Amino acid sequence: MSELSGMFVLKPESVTDITFVAKVDSSSLLRKPNMKWLKGKWLDLGSKAGKHLQFKEVYDRNTKVCVFILIIKVVDGDAGGYRCEVTSKDKCDSCTFEVSVQGRSGDRQSYYCHLPFCKKHKEVVVEEVDVWEILKAAKPCDYEKIAFEYGITDLRGMLKRLKNMRKKVEPKITDAFLRKLDSAYSVDKGKKIQLSVELADPNAPLKWLKNGQEIKPSAKYVFESVGNKRTLTINKCNLSDDAAYECVVEEEKCFTEVFVKEPPITITKLLDDVHTVVGEKVEFEVEVSEEGANVKWMKDGVELNRETAGSKYRFKKDGKRHILIINEATTEDIGMYYVFTNGGESKAELEVEDKELQVLQSIADLTVKAAEQAVFKCEVSDEKVTGKWFKDGVEVLPSDRIKMTHIGRTHKLMIDDVKPSDAGDYTFVPDGYALSLSAKLNFLEIKIDYVPRQDPPKIHLDTSATGSKNTITVVAGNKLRLDVEITGEPAPTVCWMKGGEVRKNRKHSHHSPHTHSNVVSEAEGRVRVETRKTLSSFVIEGAEKEDEGRYSITVTNPAGEDKVELFVRIVDVPNPPENVKCTSVGEDSGTITWDPPAFDGGVPIKGYLMERKKVGSSRWTKLNFDVYESTTYEAKKMIEGVLYEMRVFAVNGIGISQPSANSKPFMPIAPTSEPTRLMVDDVTDTTCALKWRPPERIGAGGIDGYIIEYCIEGSDQWVQANEEPVGKNQYRVKGLPVGEKMLFRVVAVNIAGRSPPVTLTQAVTIREIMGQRCLSPIRLPRHLRNKLVKFVGEKVNLVIPFQGKPRPVVTWFKDGVLLEDNTVGTRTSEVDTIIFIRSAERTHSGKYTLSVQIENMSDSADIYIQVVEKPGPPIAVRVTEVWGFNAALEWKPPKDDGNCEIIGYTIQKADMKTKDWFTVYEHNRRPSCTVSDLVMGNEYFFRVFSENICGLSDEAGISKNTALITKTGLDYKPPPFREMDVNRSPKFTAPLVDRCVVAGYAAAISCAVRGYPKPKIIWMKNNMIIREDPKFLMQNNQGVLTLNIRKPSTFDGGRYSCRAINDLGQDEVECKLEVREPQKTLSAVVSLNRMIY
C-alpha cells in the first residue's frame, strides 16, 4: 500500500481474507456517486459478482455518507493488485491496494477507507514489472493467475512466446504413471464420478487441478490413496464441474475432460384445448421441469420458430412457462398444436369459428316535442365494432346539434333542440356485418286552445309499441320513464297508484280555464312522479323485480274524471341452470344433463351454452356458439383418462345468465378388452372351477371386476353366475346340472360398461372324476421342438404346459445331471413350469430335460439351448505370393468360433500411404483368397474378419507381411526447390475510418496491415506518440490493429494515426475521432437526483 495522502483518512492493508468498505461524503454532490472495483488495469469485478465476490451499498440520509462494500471470499487466484474508483459527474478519485494469499484464514477482517472528494485526480504511479521473468520461474498451473493479475488477455499468445523462450531448457519427462486418466468422462447431473490413476512410485506427491487451479480436499472433492492407486471422487456433479482436469506428479501430467449431462426436460403442465372465434387472441401455455429449457412448437407436423413464423406467432418464456401466442386467430389456424422437449411432449387442438354479432339492446321509437332532446341508444356484443347512423337512408353527419358517441358496447345518437324536420326513420348499421337496427322519431306538436269553457280531464296514453295493450316491459336494472300527456281545463289533479297505494299526488293550484301554473316536481326516491305542465312522468330508476305489478293513473277536475290502468312487467336474464351432471361416458365423450333454471327472467328460454375444462386448469373451452335447445348434450373430442368439469349458461331474449355450478368431475373412459387365457381348473358333479388372465388393454377406467356366465351347449340363453363382479381371476360356478355339457364365458366390467366376452372353445361335461389319476404327455410348444438359439446377454424365458391329477412332481436336468445352477431359475405351478435365465452365457448351452411324475407314472421332454456370440479374429493372416497386380492371402480359422459355425470371412485392403480400408470380399467361405486390381507402386497390407450368425468379429486378423506392387522402367526426377522471398515493406490493407462516439462509452478504432519482417506498430494522437497510458489499450491480432479508448471524454477527440515500420519501409494511415456529449438537459439530471436522494 502506498503512503497516506491528503485524500484518504484510512487505506486498506494487504491481508488475506477481507471485506473492504469505502465511505464517500456526498453532501456536496448533486447525484449519487458511482463506485467501480477493478483488478489489475482493466478487469471490472462487477461482471464477476456471485458467491465469490459480493457487492453492497448503504446510504445514510442523516450524514449524507454512501458506504460501498466489497466482500472477497479469497482463493489462490485472487492474489494481486486491486483498485477502486469513485466518480460523480466531473469529480473522481481512486485508490489501490494489494491482496496476498498465504494460506487459509478462518476470520474475516473489515477495513475502511474514507474518500472525501476534491476536483483533483490522483495520478497512480505503476512500477514496471518484467512479467516474463515471473512466468519463467512460475509453475504452469499458475500461468492463468499471473495473466489475470497483470491484465494479459491473449493467453494463447503468451503461452506460445513462453514456449519459444524455454525451448533450450525443456524438462526431462519421466514415466511416473503406470495408468493415466482416460481422455474423457461423462456423468449425469447430480451423480458422482471417480477419476483414478496408478503411479509407478507409491510415495510420489500428487496434485489434482481443475482448469489449472489446484483442488483442495472437501466434502465435494474426496481424495483416496490405496497402494499405488490414486482416486479423485467428485460428489453431486453440477454444470460448474464440466471442465478440464489434470493429475500432476512431479513434472509429468495427464489430462482428461469431464462432461456433465443434464437430465431430460419433462412437461409438468400439459396444453389445454382452445375454442375461440375469428379475431381473438389465443395463448397455448405449457410448463416444464427446468427454467431456461428449450422447447419446440409444431402445428400439424410443421415446426414453428421465430424465423418462419413471422408476425403471426409470438413465443414467450416466463421461468418454467412457455407460451405460444396467436395475435388474431383465423380459420387457417385450426389444427393440432404440439410442444416437444427432450423428455416429453404435449398436444392441444385449436378450433376457430366465425364471429357473430349479437344485439343486446335495440333502439326504440321516440316521441319528442320541440326543443327537447332525442336519444337513440343500442348495445351490441362486441365493443370493438363501429357503425354508421342513417336517417331515411341518408348518412347522419355530426354537427353542433347532432352528436354520436361510442363507449364500450353502447352506441348513441343524440339530437338536441328537436325540430319538425328531424322526424323520420333512423337506422344504425354496424361496419362489417349484414345487420341494421331501426327506429322512428315522432315529432309531437302541442297546440293549446284557450276556450272559455271547462273541459273534462283526459289521459292520452299510447302503449301500442310495447306489444300488448296497457302492458309495459322493462329490463331489470334499466330506467323506466313513462310520459303521459294530460289535458283538461282547469288543470286536473294527477294521482298515481300501485294497487291501492298512492304513489304520487300532484294538484295544480290555479283553476282558471285560461291559465296553467308550473308546479315544482317532487323528485324523491327511486320510484317517483314528475309533472311538467300537461305532462306527468312516472319514473323507476334501476328497475327491480319488486316493481312489477298493476299501476293506475287518475286525473280529476271539476269537469270530470279519467282513469287508466296499466301493468309493468320486469324482465331479466334467467337464473343459472341447475343440477348439471354427467350421466354416461365413452372413450372420448360424455353425456351431460341439467335442469332448466328456476326463474326464466320473465322471458322464454331460447337455449343453452356449454363450457368445459380440465380439472386443475383455469381455462374454460366453449362447446357451442349457437344456442342449444335441449337439456341433454353429448360432449366429444375429450382425452381418455383426464378429469373434466362442465358448466352451463341459460339464454333468453334479454341475455345470458351466470354460469351454473360446476358439475362433479368425470373422466371419459372406454370398456377394457376381453380377458385372456380362459381355462378350466377343476370339475365336479355340480361345479366347475375357471381361471383366466386380465385383459391386455385395461385403459384409464381400470377393472371393477368380472362377470361369469354359462349356458348349455346348443343354447343361446346365457345365465349370470355371480350377482356382484368378482375381483379375482378365478371363480367356481356352482349348481350346474350333472352330465350336461356346458359353455362358459367371462367379461370384464368397469365404469364404462362390459368388455367383449372370452368364451371356452369346447364344452365341459359336468361330472366328477372319482379316484382317477392321470398324466397327459408333455406337449412342447412348436418353437421349442428344435434347437433354441440365443445371443449372449439375452433373456431366456420358456413356459412348458402340462396336465396331471393330482399335481405332478416336476424336476429339471441339464445334460443328464440335476439342475443346480444358481443363474438358471425355475418356477412351477399346477399347469405349467417356467425356466428363465436373466442374462444368457455360453456356459448355459446344452440339453435341458423336464421330468414330470405322478407316483409310478412319468413323462419327460428335452429342450436344446445354444448360446452364441461373435467369433474371434482369424489367425496367421499372411501374404503368400505377389505377382503383377495380384496378391494371394491365406489364414487359419479363429480359435473361438462363438459357439457356432463360421459362415464366411470379410477381407479388406489398405495402402501404406492413406491407410484407408476398403472391402475386397464379403462372405468368403474359404480360408484363402486372391486380391486383384492393386495399384502399381503402392504397398498394401490386409485384414480379415470372421463371421457367424451373430455378425462380424469385433477384431480383425491383420497380415504379418505386406504386398508391394513394384514399378517397372519409371524414374521420376523432381525439379529443384526454390524458396519464395516473402520479405515486403509494410502496407495497410484496411485504413482507419472517421468515427463519432458518445462520451463515457468505450470506443475502438481498427485497421489492418501486412509486411515481413513483422513491422513495429506506433499509435499517435495529433502526431504525438501514445505511450503506456491506462486509458488506451493497443492490440495486434494477426495483423489486425485495434486501439481501445476507455470511456473517452471530449478532450480525447482529434486525429489518430497508426504507423507501421520494418527494415524495408513504412506506411501510415489516419482518421478523425469526434467525441460528443450525451443529449440530456440539466433539469432532467436535477430531477433524477432529487428522486434518488
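Note that Cβ sites are derived from N, Cα and C of the backbone, with glycine treated the same way.
The domain 'Ig-like' annotation in TrEMBL covers 171-266 (among others).
The DSSP breakdown of the domain 'Ig-like' (355-427), given as helix, strand and coil counts, is 3 helix, 37 strand, 33 coil. The domain 'Ig-like' annotation in TrEMBL covers 355-427 (among others).
Residues or ranges marked as domain 'Ig-like' in TrEMBL: 457-565 (among others).
Residues or ranges marked as region 'Disordered' by TrEMBL: 505-525.
The feature compositional bias 'Basic residues' is assigned by TrEMBL to 505-514.
Annotated domain 'Fibronectin type-III' per TrEMBL: 576-672 (among others), in sequence order. According to DSSP, the secondary structure content of the domain 'Fibronectin type-III' (576-672) in residues is 0 helix, 42 strand, 55 coil.
The domain 'Fibronectin type-III' annotation in TrEMBL covers 674-769 (among others).
Residues annotated as domain 'Fibronectin type-III' in TrEMBL: 873-969 (among others).
The residues of the domain 'Ig-like' (986-1083), classed with DSSP into helix (H, G, I), strand (E, B) and coil, number 5 helix, 60 strand, 33 coil. The domain 'Ig-like' annotation in TrEMBL covers 986-1083 (among others).
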The domain 'Fibronectin type-III' (873-969): DSSP-derived helix, strand, coil residue counts: 0 helix, 51 strand, 46 coil
Across the domain 'Ig-like' (171-266), average pLDDT on the 0 to 100 scale: 86
Secondary structure content of the domain 'Ig-like' (171-266), with strand meaning DSSP E or B: 3 helix, 50 strand, 43 coil
Per-state residue totals over the domain 'Fibronectin type-III' (674-769) - DSSP helix, strand, coil: 0 helix, 45 strand, 51 coil
